[in-house]
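Here's what TrEMBL has on this protein:
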- D:10-140: domain 'Exoribonuclease phosphorolytic' (DOMAIN)
- D:Arg86, D:Gly124, D:Thr125, D:Arg126: phosphate binding site (BINDING)
- D:159-224: domain 'Exoribonuclease phosphorolytic' (DOMAIN)
6 protein chains.
Amino acid sequence: MRPSGRDLSEMRPVSIETGVTKHAEGSCLIRMGDTHVLCTATIEERVPPFIKGSGLGWVTAEYGMLPRATNTRMRREAAAGKQGGRTVEIQRLIGRALRAGVDRVALGERQITIDCDVIQADGGTRCAAITGGWVALRLAVDKLIKAGIIASDPLVDHVAAVSCGIYAGQPVLDLDYPEDSEAGVDGNFIMTGAHKLIEVQMSAEGALFSRDQMNTLLDLAEKGVSQLVEAQRAATT
Amino acid sequence: MRPSGRDLSEMRPVSIETGVTKHAEGSCLIRMGDTHVLCTATIEERVPPFIKGSGLGWVTAEYGMLPRATNTRMRREAAAGKQGGRTVEIQRLIGRALRAGVDRVALGERQITIDCDVIQADGGTRCAAITGGWVALRLAVDKLIKAGIIASDPLVDHVAAVSCGIYAGQPVLDLDYPEDSEAGVDGNFIMTGAHKLIEVQMSAEGALFSRDQMNTLLDLAEKGVSQLVEAQRAATT
Amino acid sequence: MRPSGRDLSEMRPVSIETGVTKHAEGSCLIRMGDTHVLCTATIEERVPPFIKGSGLGWVTAEYGMLPRATNTRMRREAAAGKQGGRTVEIQRLIGRALRAGVDRVALGERQITIDCDVIQADGGTRCAAITGGWVALRLAVDKLIKAGIIASDPLVDHVAAVSCGIYAGQPVLDLDYPEDSEAGVDGNFIMTGAHKLIEVQMSAEGALFSRDQMNTLLDLAEKGVSQLVEAQRAATT
Amino acid sequence: MRPSGRDLSEMRPVSIETGVTKHAEGSCLIRMGDTHVLCTATIEERVPPFIKGSGLGWVTAEYGMLPRATNTRMRREAAAGKQGGRTVEIQRLIGRALRAGVDRVALGERQITIDCDVIQADGGTRCAAITGGWVALRLAVDKLIKAGIIASDPLVDHVAAVSCGIYAGQPVLDLDYPEDSEAGVDGNFIMTGAHKLIEVQMSAEGALFSRDQMNTLLDLAEKGVSQLVEAQRAATT
Amino acid sequence: MRPSGRDLSEMRPVSIETGVTKHAEGSCLIRMGDTHVLCTATIEERVPPFIKGSGLGWVTAEYGMLPRATNTRMRREAAAGKQGGRTVEIQRLIGRALRAGVDRVALGERQITIDCDVIQADGGTRCAAITGGWVALRLAVDKLIKAGIIASDPLVDHVAAVSCGIYAGQPVLDLDYPEDSEAGVDGNFIMTGAHKLIEVQMSAEGALFSRDQMNTLLDLAEKGVSQLVEAQRAATT
Amino acid sequence: MRPSGRDLSEMRPVSIETGVTKHAEGSCLIRMGDTHVLCTATIEERVPPFIKGSGLGWVTAEYGMLPRATNTRMRREAAAGKQGGRTVEIQRLIGRALRAGVDRVALGERQITIDCDVIQADGGTRCAAITGGWVALRLAVDKLIKAGIIASDPLVDHVAAVSCGIYAGQPVLDLDYPEDSEAGVDGNFIMTGAHKLIEVQMSAEGALFSRDQMNTLLDLAEKGVSQLVEAQRAATT
């Protein structure tokens with residue numbers, strides 16, 4: 001029933017390749033099916049003005065899509081002169097999600113910026129960005145720990161995200177673009193490795209939804225996140 | 001236990017005053033406690049390029065805050081030269097929420113723009129904007145129906161929104177600013193009059209949350225939305 | 001002869017409601033007929049770089065219109081990415097006018113920002129903004145005096161503004177929008193309570209004008225300003 | 001008493017050199033003392049959207065200053081990414097002033113753009129721009145008449161402008177920069193050759209002013225405009 | 001003597017991997033040592049306004065760098081709100097270079113946009129972008145030919161580019177970043193497969209240069225371009 | 001054969017008039033035929049952040065065109081809200097070229113900004129800007145030397161630039177606009193007085209070119225630069 005032939009609760013193949021750029025303190029290329037996102041982590045020994053002197057660290061994120069990551073070429077945001085609403089919304093989400101898994105006291109007064117650039121898009125780019133972004137963050141933090149710059153691990157748990165939705169009347173896990181563009185309900189679920197919730201975003205896109213459906217999608221999401229956390233673990237140990 | 005002395009499941013006083021500007025096709029000033037939002041609806045006989053010729057209508061929203069709607073003066077976005085990320089995120093949410101309650105075929109190929117301008121902020125501005133925005137939309141649509149321009153009512157149900165969260169470890173309804181800024185979990189729930197879900201957004205802001213907590217907050221939200229729908233009904237009939 | 005049926009030298013009803021927002025140090029909603037402007041004053045203990053260390057204070061203003069303050073919806077300036085020429089011109093005028101009534105030594109090295117946001121427009125918004133802006137300024141200054149932060153009153157006199165023009169060949173006071181859009185000559189007169197002139201701006205809009213006409217309009221303006229100062233006094237004492 | 005040694009009612013030397021660029025339909029370099037402004041007129045067979053099809057013509061203006069036209073280098077507005085408030089205000093004034101002297105029916109549905117670029121500034125640049133801009137406009141219109149494109153002269157009279165002010169307590173004509181920066185009252189007067197008023201702008205800059213002072217400055221302005229019109233006539237015949 | 005241990009006239013290893021994104025009409029990832037650029041070609045059946053109706057085609061290019069393509073994170077241009085001077089200069093160069101190898105009549109009235117995004121930078125990104133961009137262009141054009149949309153091949157020859165410079169007093173081929181940042185003279189040479197020149201850009205960066213040195217660098221460049229054309233050929237046949 | 005009737009190796013008449021604005025530390029109006037560029041030098045006792053504390057000086061340049069410097073009016077870049085790609089490219093070139101002739105240690109930690117504003121354009125504006133810019137720089141530096149602020153002359157040699165190209169199949173010196181717009185190959189050559197090369201930029205504009213042609217154009221350029229240096233010398237001594 002799904003365009004890809006997947007089962008309702010079947011994820012796309014996930015792969016996470018680390019160390020893909022030589023300059024970044026942490027980096028990976030995450031592939032969720034045909035969605036490919038390059039994630040890099042940059043450590044800077046400075047923090048935004050609003051927490052200067054607080055002793056707390058900061059994790060933030062930026063998101064972008066290469067102009068031809070999509071089927072039709074999109075206008076380059078740098079040429080347009082501003083980031084679109086969708087971009088802004090997504091990068092705020094990524095930053096919020098990753099911060100939720102960080103002990104900012106343990107991180108110390110420094111900033112880690114996660115850049116997530118979509119090389120190829122096929123649905124679920126924000127979830128891939130969060131999942132891959134955490135890997136880049138993990139690698140950068142490991143470097144700080146190994147160098148003795150920070151003493152205790154500021155990452156309290158894994159952070160991963162997956163989309164679920166109601167497609168053709170059925171709850172499905174990990175929507176690809178053909179599903180995403182037709183789904184009646186679309187949700188993004190961000191969790192820790194222990195399935196504690198960080199962020200839930202569900203939207204009616206044509207069909208309204210009930211509390212039961214919400215809970216069903218959450219079941220699927222837990223299954224998906226477990227697989228993603230597995231892939232994160234494999235990539236970072 | 002709440003700074004305002006309200007019970008855990010007690011809303012702030014809600015009032016909706018309609019007809020507050022003489023130019024708009026629909027308008028209201030919604031007050032949820034000390035949060036005051038002016039909502040206007042503008043009907044235009046044109047639609048965005050991407051649906052031109054489709055016969056479908058469009059509902060969109062814009063959101064703004066007066067510079068001194070808040071305790072500390074914020075920089076005017078027009079002077080800054082762009083809308084901030086928070087503004088963009090909120091106005092996209094309002095538009096999506098209201099469209100979910102509209103039969104776009106029945107509306108016909110025209111656009112209704114809902115402007116939501118926060119006169120005074122005390123938490124929950126996006127929820128007030130959606131709830132008041134629906135009233136402005138309702139009034140504008142009534143004008144179209146009365147003028148015989150559209151035949152059947154395109155508004156399929158009420159749309160209202162309320163925030164809930166975990167404050168001081170307790171689930172509370174309709175957070176004001178002191179609660180909002182301290183809440184460990186913060187959620188916005190958008191529903192129809194019949195409690196069908198349109199959008200759920202829950203974020204960990206310090207404390208992670210469980211599925212049970214999510215469902216508890218949803219219970220509170222249903223209670224709150226019922227009251228809001230009541231106020232909408234009183235204001236529009 | 002006037003569309004509103006007013007006499008040539010008759011003002012629209014004026015009302016000034018103070019304390020309309022809880023956050024600002026001073027605020028009012030001024031209504032000149034159907035022109036409604038919300039004015040707030042914000043005190044900040046810092047000044048622009050060019051007077052830092054001079055011991056002098058600063059008063060500045062910003063002006064905006066809600067998108068649907070007018071008969072046809074105007075594009076939101078924050079969305080357009082810049083303030084239009086008219087906005088810039090008006091807010092510079094408001095700031096200049098209010099500063100002319102301030103003893104900047106007595107104010108001390110601090111800044112007061114007057115935000116004037118037009119809720120509903122029907123001609124004469126800049127004059128209403130100046131007249132209401134002065135009330136917000138007065139209230140904020142009173143707070144500084146009462147708190148013992150400043151010793152002597154920095155406001156040397158009232159500042160108020162009114163428009164006059166040649167409409168259908170006749171000199172008229174306080175133009176509303178239907179008159180303003182047809183007037184051959186259009187003037188804005190800003191004065192102190194003692195009728196000392198602060199700013200005079202007269203423009204031919206179709207019909208040139210003579211010195212005699214200028215002086216006739218000035219007579220009308222003095223009459224109008226007296227009424228406005230009366231309303232300011234009533235609102236602030 | 002004046003820094004330049006001029007009498008109270010003495011203008012700076014005025015010269016207007018025409019034909020200074022080979023591309024423009026009309027051009028001049030106007031010098032009022034050390035204030036030098038290059039004015040060009042461009043004719044285009046199109047009008048702004050809001051008068052398309054009306055049969056009416058349009059005259060508009062743009063104003064700029066070379067970065068080192070002033071004593072201290074100013075940031076280039078093109079590099080800053082926007083025109084400052086002062087620029088916007090001045091170019092709107094120039095356009096309004098010149099339009100007031102044009103019979104837009106006789107001009108026909110075409111646009112003339114007057115560019116006024118300040119090569120060297122020493123006070124009074126907006127007045128020089130209007131006076132020189134009219135010369136460029138005159139030359140461009142002459143070309144249209146000579147070519148038989150328009151039949152009757154759309155320029156109803158000369159348009160010229162001069163500044164006057166209260167300097168060191170005395171009314172003075174044609175302020176240069178040292179006077180302008182110290183003046184208590186500053187005014188710009190725009191008139192036709194027949195001394196009909198087009199625009200009057202007077203501002204208190206430290207000292208308030210009376211109606212009598214306003215009329216005294218107007219006397220001076222009439223004297224100055226007569227001299228400027230003489231120079232315009234010499235340059236264009 | 002070179003930091004990398006290469007001979008003076010030794011290129012870095014070059015690899016060109018095609019078909020790296022599923023959406024673009026042509027794509028490759030070119031690696032010149034540690035400089036990695038992703039190039040995609042997008043075909044659109046429209047041309048810029050200035051050649052509409054001419055029957056001629058257009059090839060244009062855009063260039064970007066991922067924020068962490070470099071050793072230190074650079075600000076994202078989309079976030080900064082504009083493309084920097086260097087970016088603009090480079091993308092204009094790429095477009096000009098590729099157009100020089102295109103018979104625009106044979107291409108027909110359509111546009112091909114080459115996006116060059118630097119994934120990792122180590123000197124010579126503009127040369128890699130041109131060389132890889134040509135491969136993406138070749139693949140896209142092949143698709144048009146195969147589909148019978150264009151009849152004769154519009155690509156008249158290969159286009160490739162290489163940098164040469166004077167490093168530590170010696171002429172060297174294909175500068176990497178450590179060389180580039182120290183070079184006294186820096187040049188970019190763009191040629192066809194037959195070594196006809198398309199663009200030569202040489203700059204003194206500390207040391208001036210002579211005509212003899214220019215010709216020596218040109219010798220090196222020819223050698224380098226031959227290798228690059230070889231790699232292009234291998235990738236596209 | 002040339003539209004202007006000039007010989008293949010004949011320059012347009014060159015004139016350099018100095019001291020054209022009273023405010024700048026150095027200024028000239030350079031005329032190369034109908035191309036007129038106003039160049040000013042501004043000395044500031046500060047440097048860009050990236051060399052603060054290094055003891056080195058900085059020379060930078062900005063370039064602009066008056067809107068009607070060209071045959072058709074171009075949009076004012078300040079109004080457009082950004083500098084176009086061509087402007088950015090040219091001003092970077094001017095800055096680079098002039099810096100190449102400066103001993104930045106001898107200049108000391110200060111910045112000289114060269115503003116080049118095209119009053120009238122007829123081809124070769126960037127070359128005129130460099131040649132005239134050097135004169136403004138020379139005059140400003142002389143002022144620093146005369147004032148005893150710097151001890152040894154930081155200008156190591158003259159810097160001048162000329163364009164050459166292949167027009168109608170023939171190599172020609174100093175292209176004017178009619179030639180420039182038709183040339184098959186277009187080059188800009190920047191040299192010192194001693195004919196050491198600073199920058200060479202050659203582009204195929206329709207016709208590819210050979211190394212021999214490049215060297216022939218270089219011969220022409222040397223001839224042209226000698227004449228320009230002569231004019232610089234005459235203007236500055």
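Using N, Cα and C of the backbone, Cβ positions are placed for all residues, glycine too.
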Tally of helix, strand and coil residues over the domain 'Exoribonuclease phosphorolytic' (D:159-224) according to DSSP?
18 helix, 30 strand, 18 coil
Secondary structure content, the domain 'Exoribonuclease phosphorolytic' (D:10-140) (per DSSP, counts of residues)
42 helix, 41 strand, 48 coil
If I restrict to non-local contacts, at least six residues apart, and a C-beta distance under 8 angstroms, what lies near D:Arg86 (phosphate binding site) in its own chain?
none
For phosphate, with binding residues D:Arg86, D:Gly124, D:Thr125, D:Arg126 per the record, max Cα distance (Å, no decimals) returned as 13
Residues sitting within 8 A of the centre of the D:Arg86, D:Gly124, D:Thr125, D:Arg126 CB atoms (phosphate site), not counting those, run D:Tyr63, D:Ile90, D:Val118, D:Ala121, D:Gly123, D:Cys127, D:Ala128, D:Ala129
Under 8 Å between C-beta atoms and at least six apart in sequence, can you list the same-chain neighbours of D:Arg126 (phosphate binding site), or say none if there are none?
D:Tyr63, D:Ile90, D:Leu93, D:Ile94, D:Ala161, D:Asn188
Other CB atoms, at most 10 A from the CB of D:Gly124 (phosphate binding site):
26
Same-chain residues at least 6 positions away from D:Thr125 (phosphate binding site) with a Cβ under 8 Å from its Cβ, in sequence order, are D:Thr35, D:Val37, D:Met65, D:Ile90, D:Val118
